[in-house]
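Undergrad: Taken from TrEMBL, the feature Na(+) binding site applies to S201, L298, D301, S302. Under the heading disulfide bond, TrEMBL lists C36-C45. Sequence annotations record features per position, and here TrEMBL assigns transmembrane segment to 9-25, 118-136, 145-162, 198-215, 227-250, 286-315, 327-352, 358-381, 402-421, 441-460.
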Amino acid sequence: MVMVSAMTGLYYNMILAWALHYMFASFTSDLPFASCDNYWNSNNCKLKWPSAPCDQAGETRAADGTCVDTDGETSGLWNRTLFSAVTGRNLTSPSQEYWEGRVLRFSSGIENFGEPKWDLVLCLLLAWVICFLCLLKGIKTTGKVVYFTAIFPYVVLVILFFRGVTLDNASEGIRFFITPNFEKLIDANVWKDAANQIFFSMSIAGGGLITLSSYNRFHNNILRDSLIVAIGDSFTCVLGGFVIFSYLGYMAGQLEVGVEDVAADGAGLAFVVYPEAVSNLPPPTLWALLFFFMLLTLGLDSQFAMIETVLTGVLDQYPKYRPKKTLVIFCICCILFILGLPLTCPGGMYLLQLMDNYVGGMTLIILGFVELVAIVLVYGVNRFCQDIHLMTGSTNFLFWKVTWCALSPLTILFIFIFMFVDYKRSTYDDYTYPVWADVLGWGFCLASVLAIPIVMLFLLSRETETDSLSEKIKLLSMPTIYWGPALKKHRALVTYVDGFQVDPVQGLRPRTAFSNPAFVGDKTDGTNGKANSIKSTNGDTLRSMYSQASRVSVFSGLSRVTAASDKSGATFETSI
């Protein structure tokens, strides 16, 4: 999960950099993405070819759909459809040309990657600086920031919604959005995209929810919070869909094309449609600033969670770095900034879309399935339900057991198998990625997923309690002595696990030969839950049966204890 959050945060901050670029570009009375009179605009920009009835004196209708004046110059279009059919030229919106020609300087493909654009590099740097400063003071400060960043976007979205539905041809876009196309159900990519959307938008298997919920009260109503997150996410997606498709319908009417032909899908869709939307709100400069500031705050919410997941994972694994938390945050942000520089190149959009398809989609689906296996088969679904009951008091788990044990894993397996049976090369708009790009995408996916079997093999190789592979897997699957609630008063409530250690620190107390009557020989006795050690011939303190770096594992009931000798040579007694 830490790896997934790091890789997702790497490319997700590029979207925030684009939002910053647009916000800075909006500090002008004439919005650069609202006109066709700029150096990046082509002759296909729709404002250069206004619709005209060709009824002025001396104007004639040409066979290619254009109006020609007395000087032989084209003054407009009397039939846009005919013009596109005859000339093969499709009109584009000024917002799309600004996005592709000015912001990205879009290349022809991932093969033509180009060099980093300095303006995007600076915006990306600023995005990471903002992220660093917000995380600097810890989760409490971040939580206060989120109060604003989570509420403000809804205000802007509602305003854009009411403006969007009043535009000409907006109904066509909304109809396109809500009309089901059942033929798409046999398309594996639709199922994959739906799963990607659910997993990514709700941070399933990404670690963000687990990280943030670890700061909750022990008896927090997690069921209520889960419902709020799920309903809120669904509502936001539907509201955002109505907003964006109302403007897509308007743009389709202006360009006289189908809604599906207005712009490419993916991360860049918002930077084509919404600039067109704010251009139609008086005063456009104010609304452009508000919208892109909203987009920035909306993205920061997700970015905080992802980087906080990476930070928490590092500090939990290496507690000695907790006093140097600021330095750790700085290093994480610097590393991800450097790794994200290729995304600022003209071909960076192709790379970002590839990472989004595999890291933000495929990887999360695989990890979600592994999570289900770990909870249901390894940890035990009944034990998991008992843990939830301890925290929430809930007793009705029939629906959840059916979901965790059957519905969810079978659905994920169906999507995964269906996707491979109907596997298609990655695409972006009309561009098809080369084979090596898809191989790179699978490399992104495996970089996170392979950590699971690699760590498993590493731990199996270090396990010396038994030579049996099945026994090693069984022993390594048992929770450690530290597993459970963090506070002792809450650990005392765990009465449903035989031999659960309420105070693991007290349970691992130093012992000597004179105070350890359980000392009997030269092996680990796993029957009474005590780690016995070898007594030296001169009666000195006990030495570990292994070297100081080795670990002595003791098993009793469902709990696994790991004891290690301290530097003084004393051993730890574990009472379970």
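Including glycine, each Cβ sits where the backbone N, Cα and C put it.
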Undergrad: Is it the case that the transmembrane segment (441-460) and the transmembrane segment (327-352) have 3 or more CB pairs under 8 Å, with pairs at least 6 apart in sequence?
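TA: No, these stretches are not in contact.
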Undergrad: With pairs restricted to those 6 or more apart in sequence, evaluate whether the transmembrane segment (227-250) and the transmembrane segment (198-215) have 3+ C-beta pairs under 8 Å.
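TA: Counting Cβ pairs under 8 Å (6 or more apart in sequence), the transmembrane segment (227-250) reaches the transmembrane segment (198-215), since there are 3 or more.
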Undergrad: In the same chain, outside S201, L298, D301, S302, whose C-beta lies within 8 angstroms of the Cβ mean position for the Na(+) site?
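TA: The surrounding set, listed in chain order, is G299.
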Undergrad: Given the binding-site residues S201, S302, which one's Cβ is surrounded by the fewest other Cβ atoms within 10 Å?
TA: S201
Undergrad: Could you check which of the binding-site residues (S201, L298, D301) sits closest to C36 (disulfide bond), going Cα to Cα?
TA: L298
Undergrad: Do at least three CB pairs under 8 A connect the transmembrane segment (358-381) and the transmembrane segment (198-215), leaving out pairs fewer than 6 apart in sequence?
TA: yes
Undergrad: Taking 10 A as the limit, how many CB atoms besides its own sit near the CB of C36 (disulfide bond)?
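TA: Neighbour count, Cβ to Cβ under the 10 Å cut-off: 19.
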Undergrad: For the transmembrane segment (358-381), which stretch among 9-25, 118-136, 327-352, 402-421 has the most Cβ pairs under 8 A?
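TA: Top-ranked stretch among 9-25, 118-136, 327-352, 402-421: 402-421.
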Undergrad: Six or more residues beyond either end and a Cβ under 8 Å away: which residues meet both conditions relative to the transmembrane segment (327-352)?
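TA: Tertiary neighbours of the transmembrane segment (327-352) are 6, 9-11, 13-14, 17, 104-107, 109-117, 120-121, 124-125, 128-129, 131-132, 135-136, 267-268, 307, 310-311, 314-315, 321, 428, 431, 433, 437.
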Undergrad: Does anything in the same chain, at least 6 positions from D301 (Na(+) binding site), have a Cβ under 8 Å from its Cβ, and if so what?
TA: V146, T149, A150
Undergrad: Please list residues from the chain of C45 (disulfide bond) whose Cβ is under 8 angstroms from its Cβ, counting only those at least six apart in sequence.
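TA: Counting only residues 6 or more apart in sequence, the Cβ neighbours of C45 (disulfide bond) under 8 Å are C36, L91, T92, S93, P94, E97.
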Undergrad: Identify, in sequence order, the residues in the chain of L298 (Na(+) binding site) that are 6 or more apart from it along the sequence and have a CB within less than 8 Å of its CB; answer 'none' if there are none.
TA: T149, P153
Undergrad: Between the transmembrane segment (286-315) and the transmembrane segment (9-25), are there three or more CB pairs that fall under 8 A, provided the residues in each pair are separated by 6 or more in sequence?
TA: yes
Undergrad: Provide the three-state secondary structure of S302 (Na(+) binding site) computed with DSSP.
TA: helix
Undergrad: Six or more residues out from either end of the transmembrane segment (118-136), which same-chain residues have a Cβ under 8 Å from its Cβ atoms?
TA: 13-14, 16-18, 20-21, 24, 103, 142, 145, 300, 303-304, 307-308, 311, 326, 329-330, 333-334, 336-337, 340-341, 343-344, 348
